[in-house]
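Reviewing the structure listed below.
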Amino acid sequence: MVLTKIFITGATGFIGGSVLSRLLEHPEVKSFEIVALVRSKDKAEKLNTLGVKTVLGDYTSYDLLTKSASEADIVIALANSDDLPAANAILAGLKQRFDTTGKAPILIHTSGTAIIMDNALGLHGDHTIYSDLQSDELQALPETALHRNVDIPLVNADKEGYVKAYLVTPGTVFGTATGPLVDLGIQNKFSMQVPFFVKAALARKRGGYIGAGKNVWSAASLSDTANLFTVLFDAIRKDPDSIGHGKDGYYFVENLEYSAYEIAEAIGQALVELGVADTAEPNAFSEEELTQIFGNLWPLLATNSRARGDRSRGLGWKPVDGKEALIQNVKDNVFELSKAV
């Protein structure tokens with residue numbers, strides 16, 4: 001049996017651990033050789049029990065990234081989407097793979113819809129809705145936009161022909177991770193975006209939003225997000241030239257939109273249920289709170305980012321979790337994180 005060699009980074013992260021779990025459940029898993037980059041020997045030993053090979057290192061282990069990528073048919077990058085030196089190290093390895101085999105290897109890279117965000121400061125939700133089919137418009141986005149520092153070199157590498165690059169591009173990803181990596185205690189169970197606001201609300205004992213709370217983001221559940229990786233993975237293995245890659249390789253991950261106010265309100269409702277707050281109605285963070293709680297990050301948390309995953313759905317991806325699931329997960333985050341306060 002000829003094995004498909006897969007190198008995966010970010011394998012114990014919130015999204016990465018769920019994608020790896022999907023690969024381990026894949027009906028053709030016996031034909032895969034999966035190698036994961038991990039930071040610790042403990043995590044490596046636990047992943048080994050699942051049949052995953054490991055290499056010890058991180059995103060500053062450039063030689064290791066290059067070597068591991070050079071030995072892979074498919075690289076799935078799920079770690080820091082803004083780390084250009086790491087991305088270049090992976091591309092160098094994939095170029096070596098191409099030079100050796102004469103066949104362009106596959107790179108499935110995780111970007112994010114922050115590439116299309118504005119600077120609304122929470123004051124409005126009026127923003128262009130981008131489809132992942134709008135290749136020319138996406139390529140015209142400013143080089144200074146978040147994630148573009150890495151996306152552009154990947155698209156250029158695809159254009160040069162030594163790699164086929166596919167960019168999975170989520171908005172907000174919500175949910176609570178489950179599966180074998182969670183059971184082993186090595187996967188992040190929670191996202192980063194929602195807990196920012198939950199922790200702040202627990203500290204001030206009231207839900208909060210930035211500006212007027214009118215900014216809007218697209219979102220999808222962790223389960224639906226991991227499913228897109230699987231659908232894309234299968235489509236690529238069947239015929240990598242039949243689907244968009246490089247310039248035409250953005251795959252947006254979204255199934256709903258929400259406003260910042262709706263999240264703050266859900267947090268407030270949970271706080272009332274816990275007896276932490278007297279009112280479920282959120283209010284605006286003061287300038288002092290913004291600086292103390294979020295630091296320089298607060299403008300990023302008050303943007304609009306509105307996306308449509310038309311190319312993703314064209315693959316046969318069928319997300320199922322809507323806004324009700326998001327609101328329930330926000331409340332679950334409040335209940336869970338309140339235990340640590």
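Cβ from N, Cα, C; glycine included.
The domain 'NAD(P)-binding' annotation in TrEMBL covers 10-93.
Looking just at the domain 'NAD(P)-binding' (10-93), the mean pLDDT is 98. Residue counts for the domain 'NAD(P)-binding' (10-93) under DSSP (helix as H, G, I; strand as E, B; rest coil) come to 41 helix, 15 strand, 28 coil.
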